[in-house]
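> Below you will find the structure I want to go over with you.
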Number of protein chains: 2
Amino acid sequence: MDLSRSPLALPFPDMPDIDGVTPRIARAQYKDWDRCDLTYVELAEGTAVAGVFTRNICCSSEVEIGRENVAAGRARALIVNAGNSNAFTGYRGREAVEQIMDQVAEHLACPREQVFVSSTGVIGVPLPKDKAAAGVEAVLETSPCSWRDAADTIGTTDTFAKGATVSAMIGDQRIEFTAIIKGSGMIAPDMATMLGYIFTDAAVSPTFLQCALSQATKGSFNAITVDSDTSTSDTVLAFATGKAGNMPLTDADDPGADAFIAALEDICRQLAHLVVRDGEGAQKFIEVRVSGAVSDESARRVGLAIANSPLVKTAIAGGDANWGRVVMAVGKAGEPADRDKLSIGFGGIWMAREGQPLPDYDETPVAKHLEGREVTLEVDLGLGEGRAEIWTCDLTHGYIEINADYRS
Amino acid sequence: MDLSRSPLALPFPDMPDIDGVTPRIARAQYKDWDRCDLTYVELAEGTAVAGVFTRNICCSSEVEIGRENVAAGRARALIVNAGNSNAFTGYRGREAVEQIMDQVAEHLACPREQVFVSSTGVIGVPLPKDKAAAGVEAVLETSPCSWRDAADTIGTTDTFAKGATVSAMIGDQRIEFTAIIKGSGMIAPDMATMLGYIFTDAAVSPTFLQCALSQATKGSFNAITVDSDTSTSDTVLAFATGKAGNMPLTDADDPGADAFIAALEDICRQLAHLVVRDGEGAQKFIEVRVSGAVSDESARRVGLAIANSPLVKTAIAGGDANWGRVVMAVGKAGEPADRDKLSIGFGGIWMAREGQPLPDYDETPVAKHLEGREVTLEVDLGLGEGRAEIWTCDLTHGYIEINADYRS
């Protein structure tokens, strides 16, 4: 299996500049490799920030500090280290993060709480302070880079650079969003932590930005899974420079707030899908659509039980319309379900209705659908109005190849 | 990878006859294969029965009916069909089970509620009534078989026959247990459902037997996982013929009850380990020992989060002492944990203590331990007295091979 580039990769889009946002990259040599591994993004004064972070209890210092600082709502800079997650490194790891914050804050003459740091890579090795100091010094003196270069630099085991862009109108003012993300799993702690960064020139309050980001996360980052393993460093940050000059948004009822939220949801979903498309060993992009649940949250849990089932994922990898495994996954989800009301389909074709296989079911078109790169799987629980969509990828030999031999 | 026989297989033991228990096998041809696939075990009048069943909501009719009938506490016969699980087949599946119960009950002149039926194999195809009827007719006329033959006949994708035997003293009366089990996962609904049957000549009340079996299940069947997928048909039944002539046990305080419970726990654990040893694609048997949790139940959940983590299982498959992935799994378990009190070891060697890698940690002996077939992984949460042991296997290319191409 060729694992050098996911067959589900999308081309890197043309990304507009965002007024007040300047990316730069440098080499800190966190690993012994011939590539840039330190990304710096400078943000205009007054930039609003919001963030969502991993719920893994064993999270990194970066996540702990980021969670504290996002509460103050303002950002001047972002640093991303690739090759070392600095997680599970105790006080030494925390000192390295604080050193970077101090160094950048001094350069910008800003409070250090406005400097955000992320790290991704191996767990359990403290981020080397000397390499970090030299890398930060170098990056502050370098010229701005393209978004494509920044997307490459935050990556680790990613097989393609991931970016997305959308625009929206707030009143008669056009606003732009650009975003980059890395991850080859939501969910792979020592190699493919998911880190995402969204930049917009919109003028919004930090509180509004946080609410909008939290809402957008539900149907995007929290609706994907590659392997059910939750990273210690997952972070998504949204930065809004305010340079677009729109009437500032501070509340969901403000004119234009709907357009902003819709655009943010759009870009978050694009980013989330890109991560699944680079899922470790992925050969197929799978959309799981659950309807008829007692609530949306119940539908989400059923969808995740299906999307995390190794037996469902291997069946789809093998192009096998094995809906019995979907029955199993629904039944183990721990959510209300009634075997005799359950319907299951692939690619829009129902194979089982209300607890029984359809007598006239023809597997040919379903087998054809499963041969493709994009697979949809529909489950109707027949109980209520709850629905959810979850995205995942198949489970292949590639996943074993990558993960049985990563760190050593 | 040679998948024809697990490298973790154990030889089939010499199994004593149990007074009042007679196994027979026959060919029902549920699939187009050249082997016996119907097992019949006749039980002496007055045999006590107890059972534990899958908690999967989408369970089979066999499980539903078995759960009802076990409440009456008496059994005269067991029928096991291999090659078709009869799950998710609606009223047609239920009719097939009831037909078998009627046929056997008429032969034995017993209430049909004393006939227990299990089925294992593909989901969604009703068990063919004509094949079942002919198979049952044939098996009732055949001669008794060995336990080894019975163990082979209940298997599907199993790579070796699984049996265990123990004995115990109740007062001065020796009692015997023999047991057979099938499964290549706790947890693989359309090919390797776990079915286990324990036979003893002890005299015990059904209520006592049920309590003892439920207790024994906790530290055995409910403490193993191959791939986190819970079957629609999992069933373990215990039958006690009473022929040993001991003073009947009716309560945990009766003299000899401790010995009976200890023997039952021993045989359940042996059976559970055999299933893990035949885990799909398994190359290594893994024992996860969790201590220092706030409760035993919390330790169990942390242990399962580790044992179900694809990243932990692939690391061990690759012989990689990647304890960062264990940190991740502890952190995602949703149980009380404190990163800075967490210690992790492999094979009795601690590599991280209280949230930090040990500075003098030498990976050489750990790498040596991971080269073996039997791996132990220790986690001390440092919070309380709760402990648990969980058993699993590694996740290898063999798992993908087996499951990406089973039904088609």
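Glycine is treated like the rest: Cβ placed from N, Cα and C.
As annotated by TrEMBL, active site, nucleophile applies to B:Thr193. The substrate binding site annotation in TrEMBL covers B:Thr156, B:Lys182, B:Thr193, B:Glu280, B:Asn403, B:Ser408.
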> 10 Å Cβ neighbour count around B:Thr156 (substrate binding site)?
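So the number of other Cβ atoms within 10 Å of B:Thr156 (substrate binding site) is 23.
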> Per DSSP, to which secondary structure element type does B:Asn403 (substrate binding site) belong, with helix, strand and coil as the options?
helix
> For the binding-site residues B:Thr156, B:Glu280, B:Asn403, which residues show a Cβ-Cβ distance under 8 Å to chain A?
B:Asn403
> Per DSSP, to which secondary structure element type does B:Glu280 (substrate binding site) belong, with helix, strand and coil as the options?
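B:Glu280 (substrate binding site) sits in coil per DSSP, no helix or strand.
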> Which of the three DSSP states, helix, strand or coil, fits B:Lys182 (substrate binding site)?
strand
> By a simple count, how many Cβ atoms lie within 10 Å of the Cβ of B:Asn403 (substrate binding site), its own Cβ left out?
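I get 31 for this one.
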> Does DSSP put B:Thr156 (substrate binding site) in a helix, in a strand, or in coil?
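In the DSSP reduction, B:Thr156 (substrate binding site) maps to coil.
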> Is it possible to get the count of other C-beta atoms within 10 angstroms of the C-beta of B:Lys182 (substrate binding site)?
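By my count, 29.
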